[in-house]
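If you look up Swiss-Prot, you'll see 1-57 marked as region 'Disordered'. Residues annotated as compositional bias 'Basic and acidic residues' in Swiss-Prot: 40-53. The domain 'ABC transporter 1' annotation in Swiss-Prot covers 91-330 and rests on sequence analysis. What Swiss-Prot records for GLY123, LEU124, ASN125, GLY126, ILE127, GLY128, LYS129, SER130 is ATP 1 binding site, and it gives sequence analysis as the kind of evidence. The phosphothreonine annotation in Swiss-Prot covers THR223. Among the features that Swiss-Prot reports, N6-acetyllysine is placed at LYS309, with the record citing similarity to another entry. Annotated domain 'ABC transporter 2' per Swiss-Prot: 401-618, in sequence order, evidence recorded as sequence analysis. Residues or ranges marked as ATP 2 binding site in Swiss-Prot: GLY435, PRO436, ASN437, GLY438, ALA439, GLY440, LYS441, SER442. If you look up Swiss-Prot, you'll see SER517 marked as phosphoserine, on the strength of similarity to another entry.
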Amino acid sequence: MPSDLAKKKAAKKKEAAKARQRPRKGHEENGDAVTEPQVAEEKIEEANGRETTGDGEVDLLTKELEDFEMKKAAARAVTGVLASHPNSTDVHIINLSLTFHGQELLSDTKLELNSGRRYGLIGLNGIGKSMLLSAIGKREVPIPEHIDIYHLTREMPPSEKTPLQCVMEVDTERAMLEREAERLAHEDAECEKLMELYERLEELDADKAEMRASRILHGLGFTPAMQRKKLKDFSGGWRMRVALARALFIRPFMLLLDEPTNHLDLDACVWLEEELKTFKRILVLVSHSQDFLNGVCTNIIHMHNKKLKYYTGNYDQYVKTRLELEENQMKRFHWEQDQIAHMKNYIARFGHGSAKLARQAQSKEKTLQKMMASGLTERVVSDKTLSFYFPPCGKIPPPVIMVQNVSFKYTKDGPCIYNNLEFGIDLDTRVALVGPNGAGKSTLLKLLTGELLPTDGMIRKHSHVKIGRYHQHLQEQLDLDLSPLEYMMKCYPEIKEKEEMRKIIGRYGLTGKQQVSPIRNLSDGQKCRVCLAWLAWQNPHMLFLDEPTNHLDIETIDALADAINEFEGGMMLVSHDFRLIQQVAQEIWVCEKQTITKWPGDILAYKEHLKSKLVDEEPQLTKRTHNV
């Protein structure tokens, strides 16, 4: 007969099997169900980067961000009713409304998030996409407690921990079980409990946790050496990658990502796209990259006119479906308006005529009343279209910039970034620089502008050439207390009339109150537009654009692409947006191994090359991680 211990083990296994068949209240990898909402919230906060161990000191910037988020939450009001079953893994909320500082962002709409679907949330800058994600992440909408949520909100704070440690520790249940198992390993009296712990750890694949964490970090660009550096030695962009790695490692039931590609290079973007394709629960993603949305999403949610509208398929399918629906809607609208005009005209002409005509007029009046009562088709309200503009720069004879035998390293004993570069660029140059992080793409732009000097060799520039460089930190140079109008008038005093400057700023999507509000009150996307307006009116011959799409919406990026294509001068671009590169670049230059080589195909061929590299690297990575 089976022993009592064997019976208990069998019972535990059955219970564990049942638990695996239903979603857990805590994180999927945290095991046992979380019964206290407060505990669940603490786990989510810890996962999002809050320091919970050590000396208890919180990075000052992190504290400021927390205070800022609290103020935003206090100014936010959300109402909605859960319409799906409380135990369902799908989330259906009706009568959803969202206001911020009294401004209505959503009104009486519905939120539908189904298990196994990956949603792209799209809409114009400032329409409230990030605000909606925050409301979901903070559970201000009625989402059942058994659905755990991970909302990636900020970078990891600087600390003594390594990226690998930070990713591993996010799985709090596994870490607790391993500590408990280690304690009980020497106590024979707790043999049964120890076996239960080992069984649970086996369910969590605890022995593979480090390998999985290392694989995720590698995909996001961390070499084995970088995975063991201290977090305080990384920039904010790299610490954001660590936070993203934690989100992917913990595998929550609902994952909310707001512009996850902003701090990634093309290699990491391709890896992340392939990784998210395998996400089997609920993913809600805000991204400005059409290519990324096409690769990841199974559904699109369009935030428009205070409503959430749902489309099946990726971004390209959404565009096609929306166009067809709007064409049909306008046909229906015009048909109804024609019918209404005809009936009103008939009623006016024959309402007081002969008995027969009067009866017909009354019949048409009843038909008209029924049409009005049942609701008429609305006219299609199109999104506002932007039209960016780079002023004519005039012609200067080639060569504009000559790079002759240039080598560069940041320090005398540091690694060589470039060695013996030799090339020229002119006003007809349209180049995208690609390559892994650290290969020197941004460094090259700084060398060409003169912000950095070559270690060896020479860079010759035409005496009259003007260069405009857009980079990720340009926003930091803005005077936040000034309005866009005041800032531009200060930067370009030769423009005396405010109305003339208003027209200039208006071409970059800043209108009305946005022009006269303090810059600090603008969204990140609107601040980027101020920077683009400032850059354009420097009247450069050469545009050097380093990640110009961060924080911009899809419509703004398309307007930027059109403006670049109409620009008379030369352009060099660093971007993780494959579609923008495809739109504006005539050549692809690969920065790698201390040199620059011209890619023989277009950017889409380069993307396929990166995908094939991922397939080739996977077995080597697994083998290397096993040997760690």
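Quick reminder: no glycine exception, Cβ is built from N, Cα and C everywhere.
The recorded positions examined here are ASN125, THR223, ASN437, SER442, SER517; by Cβ neighbour count within 10 Å, the least packed of them is THR223. The shortest Cα-Cα distance from ALA439 (ATP 2 binding site) to any of the recorded positions (GLY123, ILE127, THR223, LYS309) is found for THR223. All protein chains included, SER130 (ATP 1 binding site) registers 18 other Cβ atoms within 10 Å of its own Cβ. Within the set of recorded positions LYS309, PRO436, ASN437, GLY438, GLY440, the entry lying nearest in space to GLY128 (ATP 1 binding site) is LYS309 (CA atoms). Nearest neighbour of SER130 (ATP 1 binding site) by Cα distance, taken over the recorded positions GLY435, PRO436, GLY440, SER517: SER517. The C-beta environment of GLY123 (ATP 1 binding site), restricted to residues of the same chain at least 6 apart in sequence and closer than 8 Å, consists of LYS129, HIS302, MET303, HIS304, ASP553.
If you take the C-beta of GLY435 (ATP 2 binding site) and look for same-chain residues 6 or more apart in sequence within under 8 angstroms, you find ASP265, LEU266, LYS441, VAL590, CYS591, GLU592.
With every protein chain in view, the residue among the binding-site residues GLY126, GLY128, PRO436, GLY438 whose Cβ has the most Cβ partners within 10 Å turns out to be GLY128. In three-state terms derived from DSSP, the residue listed as 'N6-acetyllysine' belongs to an extended strand segment. If you take the C-beta of LEU124 (ATP 1 binding site) and look for same-chain residues 6 or more apart in sequence within under 8 angstroms, you find ASP383, LYS384, ASP553, GLU555.
Neighbour counts were taken at the CB atom with a 10 A radius for the recorded positions LYS129, LYS309, LYS441; the maximum falls on LYS441. Distance noted between the C-alpha atoms of SER517 (phosphoserine) and the residue listed as 'N6-acetyllysine' is 31 Å. Comparing CA positions across the recorded positions ASN125, THR223, LYS309, the one lying closest to GLY438 (ATP 2 binding site) turns out to be THR223.
Same-chain residues that are not part of GLY435, PRO436, ASN437, GLY438, ALA439, GLY440, LYS441, SER442 yet have a Cβ within 8 Å of the Cβ center of the ATP 2 site turn out to be ASP265, THR443, CYS591, GLU592. Taking a C-beta cut-off of under 8 angstroms and a sequence separation of 6 or more, ILE127 (ATP 1 binding site) has the following same-chain neighbours: LEU105, MET303, HIS304. Those residues of the chain, other than GLY123, LEU124, ASN125, GLY126, ILE127, GLY128, LYS129, SER130, with a C-beta within 8 angstroms of the mean position of the ATP 1 site C-beta atoms are MET131, MET303, SER523, GLY525, ASP553. If you take the C-beta of GLY440 (ATP 2 binding site) and look for same-chain residues 6 or more apart in sequence within under 8 angstroms, you find PHE408, ILE417, TYR418, CYS591.
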